[in-house]
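**Student:** Okay, here's the structure, questions in a sec.
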Ligand SMILES: CC(=O)[C@@H](O)[C@H](O)COP(=O)(O)O
Ligand SMILES: NCC(=O)COP(=O)(O)O
């Protein structure tokens with residue numbers, strides 16, 4: 001079996017955009033499961049999908065097919081993202097009812113038709129409705145990560161409702177890359193991650209990370225356990241192929257820790 005790249009931050013490849021292209025014909029190509037296999041063989045530590053209610057890309061059957069595939073990769077992780085008040089928990093319960101692996105659920109407060117994810121949960125407003133569904137997800141055996149804006153003051157509240165991790169929404173950093181605002185944004189994420197770690201949370205990160213902005217982020221922001229990357233990585237794979245792309249992203253991660 002191919003070995004996962006081992007450095008402090010795991011690379012989880014989000015396959016939404018493979019499914020998006022696949023859905024434009026009734027031919028089943030590009031294959032989502034083949035993309036997962038090639039990424040895992042190249043050293044990706046996990047696979048992420050976001051089965052949105054409108055099934056614009058990842059469809060319900062993709063989730064179960066990937067879960068079946070992940071059985072052959074016991075040292076890798078499967079992360080399913082979504083809004084727990086829409087379709088996510090029903091999908092998670094079905095994955096577990098089939099006895100299939102599910103390592104992490106990432107709760108994202110997206111509306112059903114939202115263009116893309118663009119904000120995190122808010123406390124105290126979301127606390128009471130999140131608490132029970134976090135417990136339900138953990139009872140399924142999944143780690144729960146809350147998609148959050150990089151606000152240090154929100155981290156203790158995320159922990160208080162039972163979350164295991166937060167995923168820092170990184171679009172504002174990505175948008176500031178190579179602008180005068182970049183240092184300020186990096187400091188926001190550094191402080192938010194520090195606050196999360198001090199609250200007893202694990203730290204994930206994602207959204208618009210790419211080959212150029214990844215290393216600096218991981219050099220600056222402490223304790224990032226996982227980055228989930230999809231859009232830019234799949235765009236790169238259209239040029240370089242999955243294996244070379246995953247290898248390159250893992251090199252960029254490793255560079256942050258040299
Ligand atoms: C939560 C997040 O930032 C992404 O993982 C999300 O999956 C992106 O969704 P689209 O691929 O539909 O833009
Ligand atoms: N949680 C972020 C993710 O899975 C992928 O986001 P993006 O790289 O497609 O922006």
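Every residue gets a Cβ built from N, Cα and C, even glycine.
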**Student:** Besides 52, 57, which of 116, 170, 179 does TrEMBL list for that 1-deoxy-D-xylulose 5-phosphate site?
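**Tutor:** 1-deoxy-D-xylulose 5-phosphate site check in TrEMBL: besides 52, 57, the record includes 116 out of 116, 170, 179.
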**Student:** For residue 231 (3-amino-2-oxopropyl phosphate binding site), which residues in the same chain are close in space, meaning a Cβ under 8 Å from its Cβ, but six or more apart along the sequence?
**Tutor:** 14, 16, 17, 208
**Student:** So which other residues, same chain and not among 52, 57, 116, have a Cβ within 8 Å of the centroid of the Cβ atoms at the 1-deoxy-D-xylulose 5-phosphate site?
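**Tutor:** Apart from 52, 57, 116, the close residues are 16, 20, 50, 54, 56, 58, 114.
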**Student:** Out of 52, 81, 207, give those recorded positions positioned within 10 angstroms of residue 230 (3-amino-2-oxopropyl phosphate binding site), comparing C-alpha atoms, in sequence order.
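**Tutor:** Of everything listed, what lies within 10 Å of residue 230 (3-amino-2-oxopropyl phosphate binding site) (Cα to Cα) is 207.
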